[in-house]
Amino acid sequence: MPSSASMSHHHSSGLRSSISSTSYRRTFGPPPSLSPGAFSYSSSSRFSSSRLLGSGSPSSSARLGSFRAPRAGALRLPSERLDFSMAEALNQEFLATRSNEKQELQELNDRFANFIEKVRFLEQQNAALRGELSQARGQEPARADQLCQQELRELRRELELLGRERDRVQVERDGLAEDLAALKQRLEEETRKREDAEHNLVLFRKDVDDATLSRLELERKIESLMDEIEFLKKLHEEELRDLQVSVESQQVQQVEVEATVKPELTAALRDIRAQYENIAAKNLQEAEEWYKSKYADLSDAANRNHEALRQAKQEMNESRRQIQSLTCEVDGLRGTNEALLRQLRELEEQFALEAGGYQAGAARLEEELRQLKEEMARHLREYQELLNVKMALDIEIATYRKLLEGEESRISVPVHSFASLSLKTTVPEMEPLQDSHSKKMVLIRTIETRDGEKVVTESQKEQHSDLDKSSIHSY
């Protein structure tokens with residue numbers, strides 16, 4: 001693009017310089033030394049060159065429009081001739097004006113070439129943006145819709161997973177609650193059994209104490225009975241000894257008596273002896289039977305007390321074993337209960353954390369969706385702004401195209417005003433101008449873009465241009 005712009009710039013500048021040099025040679029001829037007769041030729045050609053340069057650019061035509069010949073009246077040139085110094089000064093002024101106009105024309109051509117290059121660059125950007133916009137129109141809404149639908153499906157799937165996980169956790173929680181209630185009920189039953197066992201143990205201890213007291217009392221009774229039996233045995237033995245002594249003494253006496261007494265007395269003594277022996281044997285047998293009965297009763301009572309004591313000890317040991325087993329079971333149930341409660345708290349905390357994470361994820365996805373919507377809205381605003389810029393650029397391009405066509409039409413018009421000019425050899429005599437001020441209407445068009453809408457305002461301005469009297473008097 002820069003090469004084409006530079007080529008167009010060089011072509012237009014070369015064309016204008018060739019036209020200007022050709023019109024200069026046609027009007028003024030080759031640059032020989034000036035003569036007094038060439039003054040009228042140069043002075044008359046100033047108006048034609050002013051017309052030619054007035055068609056070169058809007059600025060030069062606006063600036064040099066005041067030098068056009070007035071509609072009413074014409075300058076009358078006297079027959080006097082100017083001297084060589086005046087022709088020299090006019091020629092220098094004309095050359096300076098021509099050089100300034102050529103420089104301004106060159107600058108305007110450069111600016112115009114830059115504008116053309118900028119317009120081409122903006123047209124390329126506009127075409128690229130149109131392609132991107134068409135691609136974005138064709139793809140991005142569907143893609144954004146697909147992304148939104150996919151994210152919504154993922155969110156729904158995550159919500160379903162969360163719902164199922166929540167239901168599962170609730171079922172587990174209900175099961176754990178039921179297990180906990182059963183364990184609590186079992187713990188209460190075991191606690192009640194333990195209390196009953198402890199109460200029975202207290203009663204058994206009381207019974208054991210009573211049995212111990214009874215046993216001690218019975219042992220004391222047994223000891224007293226044994227002492228009594230021993231005393232009775234001793235008494236019986238003493239009685240037996242006394243009886244034996246008495247019997248022996250009686251036998252001795254009987255022998256002595258038998259020797260002296262009659263046989264009737266011996267028989268009587270023998271009867272008495274037999275009676276006493278029967279009484280002694282009967283007393284001994286009764287004492288032995290009483291002793292045996294008492295001993296049997298005491299043995300039976302001791303055996304009964306011993307059996308009751310043994311049963312009480314056995315029941316006490318069994319109660320102790322039951323209490324120990326129940327205590328161990330209660331401790332185990334307490335540990336299980338604490339573990340279940342801890343697991344329940346951990347599950348609740350984990351569920352709360354997961355729910356918070358899912359809520360944060362849902363909020364993040366909603367925020368991303370909102371950002372995507374904002375970005376889409378921003379892209380649409382940028383696209384609208386680009387459309388506005390494109391519209392403004394199209395308007396500017398059309399304006400520059402019209403200006404360029406007008407300039408080219410002005411340049412291509414053949415110069416006929418040079419032949420109609422009469423070459424005078426006299427110094428012009430100034431007459432009062434009928435219209436010293438020329439009026440010019442200027443159309444000002446302003447193009448603005450407000451809120452995506454193009455606003456075009458036009459205004460007309462009346463411009464007054466005074467003739468340069470010093471320039472006119474210089475003729």
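Glycine is treated like the rest: Cβ placed from N, Cα and C.
Per Swiss-Prot, the features are as follows:
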REGION    1-42  region 'Disordered'
REGION    1-103  region 'Head'
COMPBIAS  14-26  compositional bias 'Low complexity'
MOD_RES   TYR24  3'-nitrotyrosine
MOD_RES   SER35  phosphoserine
MOD_RES   SER57  phosphoserine
MOD_RES   SER66  phosphoserine
DOMAIN    101-411  domain 'IF rod'
REGION    104-136  region 'Coil 1A'
REGION    137-147  region 'Linker 1'
REGION    148-243  region 'Coil 1B'
REGION    244-266  region 'Linker 2'
REGION    267-409  region 'Coil 2'
MOD_RES   TYR383  3'-nitrotyrosine
REGION    410-475  region 'Tail'
REGION    453-475  region 'Disordered'
MOD_RES   TYR475  phosphotyrosine
With DSSP, how much of the region 'Coil 2' (267-409) is helix, how much strand and how much coil, in residues?
143 helix, 0 strand, 0 coil
Tally the residues of the region 'Coil 1B' (148-243) by DSSP class, grouping H, G and I as helix, E and B as strand, and everything else as coil.
96 helix, 0 strand, 0 coil
Residue distribution over DSSP helix, strand and coil in the region 'Coil 1A' (104-136):
33 helix, 0 strand, 0 coil
